[in-house]
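Chemist: Got a structure for you, written out below as structure tokens; questions coming shortly.
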């Protein structure tokens, strides 16, 4: 079986430009597990990059300095403080700060246990906590606060101040691994954690980390969650043989599926489960909304990335990683094309995926074949930078590799479509008295 359809010649595909890497130091003790870089993250303002480099360590690096280190000629003497080959070992139980020339600073965080998930969150002062006793709060986050949440193997979540490296909060309620973390994009500092204990938990960091709600419904592990750009919808994906999604337009509640559906979308105003999307045949392990909120991408062990119109629960595009396409029975088993991660670029037109066939694929939503590919062994996760120009990918050995994202100038039509879809659902667009071809374009039926 092949990684590409017969109509695609792998030699004709573009090669993504490799720009650099950050290598984890040799572990201070011989341990076969715990080295994995399970999560990589860019801060919303593009100032910092973070990755879990294995053995309970998280590195926080100013992104501009990280880019400068990539420009160093590896054939010359390597003197840059951020050069990956100069990373040192850190065994302290406390956070360590590495002072660089000028601000911002690099930090090494010892989280005390294996780190599975990372998420940046920034505060907007006018987004107040739902707690009425706001004057009792120990922490008062201003507009300049940037936080990093780390999800650990022991079920704990630690909240750090990015600029100082100081530990602020220690959240304890999950009974198993915290597999994923995501902040609401609206600056409210509402944090959602997804865990192997089959639950999602909603935390209000402006209320000193108070747990607001437990979202139940998944019958197995929850792998990943993602907010829509307006923070009104949460998608969660997990272990199971089909896909689900919850929309804020159908019903206020829905009984948990007895067969263990694997993707849910939640109404985050009411904390209710709404509707299901069905299409995957194996565990769904990664999800992300497009920047305009019109599309949802889900990645599964069934060898596919599916791009949905989640407003009306329809499949718009299937991005296959194994050809000919496997039968549902084969896709639901142990194949060598498990898709590990998917990420949407900020331009709304490009998607990246990591698969067990040692390739990273860069896709355009307008094509069914990759625009570019890159080789990567043992890839686990990926994320685009805030400006969409760089893709970072973490691997099993704790290192991170970076590629330049394929770029093209977006058409004026696409820019207008994104602006419209940020404020209108599919149903609202379909109610407009406009020609059918234009309606199809605005609802992404042309992809």
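Backbone N, Cα and C define each Cβ position, glycine as well.
What TrEMBL records for this protein is below:
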| type | residues | note |
| --- | --- | --- |
| DOMAIN | 402-447 | domain 'SOCS box' |
| REGION | 76-104 | region 'Disordered' |
| REPEAT | 171-213 | repeat 'WD' |
| REPEAT | 277-318 | repeat 'WD' |
| REPEAT | 339-373 | repeat 'WD' |
| REPEAT | 383-404 | repeat 'WD' |
Chemist: Could you tell me what the rest of the chain brings near the repeat 'WD' (383-404), counting residues at least six beyond its ends with Cβ under 8 Å?
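Modeler: Tertiary neighbours of the repeat 'WD' (383-404) are 16-24, 35-46, 49, 51-55, 63, 70, 84, 341, 343-347, 350, 352, 354, 360, 362, 374, 376-377.
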Chemist: Is it possible to list how many residues within the repeat 'WD' (339-373) are helical, extended or coil according to DSSP?
Modeler: 0 helix, 20 strand, 15 coil
Chemist: With helix taken as DSSP H, G or I, strand as E or B and everything else coil, how many residues of the repeat 'WD' (383-404) land in each class?
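Modeler: DSSP composition of the repeat 'WD' (383-404): 0 helix, 13 strand, 9 coil.
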